[in-house]
Amino acid sequence: MLFGVVTKPDDDWWIGRNTPDIDHLNKLESLMFQGNGYFGIRSSVEEHYMEEKRDMFVLGTFDKYEDEATELPNLPDIVNFEIKVDGHVLKLNHGQVSNFQRSFNIRNGEMTRSFIWKFEGNEYKLKFRRFVSMAHLHLFVSKVEITPLANNVRIQIKSGIDGQQTNEGTQHLIEGTKRLFNARFIQMQTRTQESKVKFALTEYHRLYLNKKELSLNPHLKLNRRQVYANYSVDLDKEQTLSVVKYANIYTSKDRDLKINVSADSLANLKKISRLSYASLMLESSEVWNKKYWNKSYVEISAHNNKPQIAINFARYQLIANTPHDFEMNIGAKGMTGEGYKGHTFWDTEMFMLPYFIFTLPQKAYELLEYRYLSLIGAKRKAHQGGFHGAQYPWEAAMPEDAESAPIWGNADIVTGQPMKILSGFLEQHVTGDVAYGVMRYLKATGDQSFANRMGYEIILQCAKFWASRVEWNNEKNRYEITDVIGPDEYKEHVSNDAFTNYIAHWCMEYGADIIAKLRQENTTIYDQLNQKLSLSELFKALIQKASMMYVPKPNDDQIIPQDDNYLSYKIIDVTKYKNAEKDVEDVSEIFKDFDLKQLDRMQVTKQPDVLLMMLCFEELFSKEVIQKNWDYYEPKTTHDSSLSYSPHAILANDLGLYDKAFEYFEKSCQVDLGMNMDSSVKGTHMASMGGIWNVIVEGFGGVRVVNTATHS
Ligand code: BGC
């Protein structure tokens, strides 16, 4: 298994690099992301470079700029730390760098960077370290040590809060106010332009000369959307200047707010900044250990420790990006970058939820509670489309939002025009996927209280949507679903997509099962839901529509057609696209040769559709049929989504294709950690992180929830 980071054979929690990688900063910024489920920071380094992408997000603070899609605003940067030595700014593309090491401790999210910098006859030893605290949700702490090795020198430090960040050019924050408290604490208060979420960020620095604290007040510098503390210290050769930066962030959405963002932020930092870097780091590490690592550890014996590092890394990323609060969910790229704007997709229920269900069920509960709260937006979306019940958005942001998917994408290779992204309109299977996630949670945990309070209602609202969505085909005497996009997004406006039809059918059956069960066993809950959903009418509709619903069955060759037309299209050799580097600026290799209209007429699949359906409903198919469909669809799949590898690995393992299973497992691990330095630039891939765990536990380990709806 080849990784684009260095690993150590005897340390399962360490990844690093031995070169400064100025040309590949973005990948490491994502991989070494630091977060605690409240806020998260890309690991951009302290000094500035042209290629850097600084991002900091607080979950749930979405803002919308005019006609653009709502997104998590990129917040003021608190990581910056400029060092001048005798008037020269430290930058690694000037002078000479040796003994470079950048390390990331997966166990507690601490990043360290150390090197010797030789510049104009002097040599400096530098060490940077920092973390986002798991013990104090609002807190970021960093420490910088500088030692001149050859001569005495004047060191000037500029460190502060830089609100000149944008989301690829869009400025979500107003200018706000900047000020100093008690001569030492710098603060910026601001708010988002449209959603009016307020923020306060406070910073405080403690300086030490050879470990003895200096009592120095900063010289303040204010620019537009920037506030900096400046310090100047004369160092003798071999003296060490250490600077500890304490920074926090509060928002008006915080449930733990006592007075207001500014007062809370200041009071919190005053208290916390009395503690040392080491003791705060220790406190944070203890929370990581106690809450996460000491439980449900996955241990892998292999010929090297790469798979073990991959699963530890995947778990770190999942935990660091999972909201601390039930009004939020996990973005497709978590908080690790601006890709997908912080939006939540089916990725959560279909790819990440199993990890939480089996190891942190309370988190799984909260992730589903978010979907319960989102029934407001989902009902509105159904209503807007002329349907009933709840239709979940393809891309979700705030629970009350109906749909957050953007409308325009990359340019079409043939027409040169921007391509319209139809997923927000046509990719409807998510409404089955959410219900499927609830079913898995209920079956694994037996959490009856969740079922009664939220779970049944989610499933029934989804079932009601499907009952209104299916269309009667008079000629064929059956219900169908036309004009959708299935998981294979290379086919638009398709009829009877296998995955969509199966999950819609299952959802209606499961809904009918629930109503029948409640009528018999729990009249109180039945009555409550009856008020909202008119259950006897819904029951009749579900039974009738599910029993007459078309779900594509294996044909004479045992192949399930992906949709009504797929099998009639031209077959092309996709080897070149399968093997292409993925995630290079988000344009798949295949779009360099064809546009979507052309792909629409080819048997080319972006990511599994029939095969994923077979994994979800494995009890319906014989091994022989699954094998036939594997043989048919796997060679036609380009894996242009990172979601593609893990289901293939699990299915290959089920089929006894162990080499293939390992190959796909390796690919899942390499989505972010692999050699391709252009991957993960806009953030890591959360579904793939969940997928790594799924392959190990659900695939190789064989532990999974099997669906048990009636199946008429
Ligand atoms: C995939 C979707 C996925 C989305 C976000 C797309 O490339 O095709 O299935 O939900 O990325 O991860």
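Cβ atoms are placed via backbone N, Cα and C, with glycine included.
Just so you know, TrEMBL annotations never went through curation; they're auto-generated.
Computed from a predicted structure; not experimentally measured.
What TrEMBL records for this protein:
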type	residues	note
DOMAIN	21-253	domain 'Glycoside hydrolase family 65 N-terminal'
DOMAIN	314-694	domain 'Glycoside hydrolase family 65 central catalytic'
BINDING	Trp346, Asp347, Lys606, Gln607	substrate binding site
ACT_SITE	Glu489	active site, proton donor
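Features recorded in TrEMBL, as mapped to the structure shown.
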| residue | record | Cβ contacts under 8 Å, 6 or more apart |
| --- | --- | --- |
| Trp346 | substrate binding site | His429, Val430, Asp433, Val434 |
| Asp347 | substrate binding site | Ile330, Ala332, Leu643, Met686, Ala687, Gly690 |
| Glu489 | active site, proton donor | Ser423, Glu427, Lys606, Gln607, Ser641 |
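A mean pLDDT of 97 is what the model gives for the domain 'Glycoside hydrolase family 65 N-terminal' (21-253).
Cβ proximity to the substrate site centre (mean Cβ of Trp346, Asp347, Lys606, Gln607, cutoff 8 Å) flags the following additional same-chain residues: Phe345, Met350, Pro487, Glu489, Ser641, Leu643, Ser644, Ala687.
When secondary structure is read from DSSP and collapsed to three states, Asp347 (substrate binding site) falls in the helix class.
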